[in-house]
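What TrEMBL annotates here:
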type	residues	note
ACT_SITE	41	active site, proton acceptor
ACT_SITE	271	active site, proton acceptor
BINDING	139, 319	substrate binding site
COMPBIAS	381-395	compositional bias 'Acidic residues'
DOMAIN	250-379	domain 'Alanine racemase C-terminal'
MOD_RES	41	N6-(pyridoxal phosphate)lysine
REGION	375-395	region 'Disordered'
Ligand SMILES: *Cc1c(COP(=O)(O)O)cnc(C)c1O
């Protein structure tokens, strides 16, 4: 049984029109010869797996991407029937349900291919298989040294009818620094790996390397397909470097002021009294904290939006609550108990990127961790008049 959370207290609102808009913008940016995969792992970076998947498909995304087989199966159970890639398994996982559900699975090792033969037999149908080469991230994927053996085994399994190798792919380490020499090196290793695979007789539909930053900043890294996660949610994967293509943040996190109080100089706020009022100010209590994914590092650093004005978090963020300064000396607070403030959303309110900078992290972590006791709701700011929508595409 899952607990219901009262939206009057705190709420995450996800605008699906923003997701559709971003997907269309990204598709336009990479052009008609490059397929777009919208990455919806980790509950669509906190935005909601199924609603985001539907919005991405409505906007024409031919591919979705997830990390785990469980995520892929959840998409199928939710009715998604399009092309879908998963890429993260551990030894002993059962791949048969994903094969049966027509998911493109990813292998890194010949041992996984052995498991896949067995899964295919139980699923009763051939798999769609993609192979991942580690071109220098040194995270997942087949090492260049092991690659010839992997492609040979993959080709053998393809001849035997166990699967069709649909893709060859890799992942960039420094895509957010497009001039970094590691990008050239990875592209070069990737091209060689593709050549090796083709020489072994493989004929993949898609070769892909780029995430959001690679897609936007390195046209040479686009190949046949780009895997865009963060940018699909309207956030900037390489702050300060990405060209402005008009992406819109899809998520807004709000909380309701539980109570307000006046402080006098010398009053300390929250655990440890790490902030002490020097002037008479009005503070407000917000009923969310680090158990809800509000970073504890936001204490004394992040800001919230109060009627369009940025106001600072005062003192430490607690497990369930935090305190913000609603009004400075001589000011009357613009919102009172029962009224909402914006933790992060779209400018002029603070953004997830602003929170990331305040907390020493990246916006990926801000949106994917927020949750806990926030209620979550999906809106559509533009259901009819989404002018860049093609009515033919609607299901
Ligand atoms: C998460 C992930 C992506 C998406 O990255 P963004 O930077 O959010 O675009 C792409 N590819 C792989 C393998 C990933 O794990």
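Any Cβ shown, glycine's included, is placed from N, Cα and C.
Automated prediction, rather than curation, is the source of TrEMBL annotations.
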(message) Are there any residues at least 6 positions away along the chain from residue 41 (active site, proton acceptor) with a Cβ closer than 8 Å to its Cβ? List them or say none.
(response) 65, 66, 67, 68, 71, 229
(request) Calculate the per-residue pLDDT averaged over the domain 'Alanine racemase C-terminal' (250-379) and state the result as an integer. (result) 98
(request) Tally every other Cβ atom lying within 10 Å of the Cβ atom of residue 271 (active site, proton acceptor). (result) 11
(message) Restricting to the chain of residue 319 (substrate binding site) and a gap of 6 or more, list residues whose Cβ falls under 8 Å of its Cβ, or answer none.
(response) 289, 290, 291
(request) Compile a sequence-ordered list of residues in the same chain as residue 139 (substrate binding site), six or more apart from it, whose Cβ lies below 8 A from its Cβ; state 'none' when nothing qualifies. (result) 171
(request) According to DSSP, folded down to helix, strand and coil, what is residue 319 (substrate binding site)? (result) coil
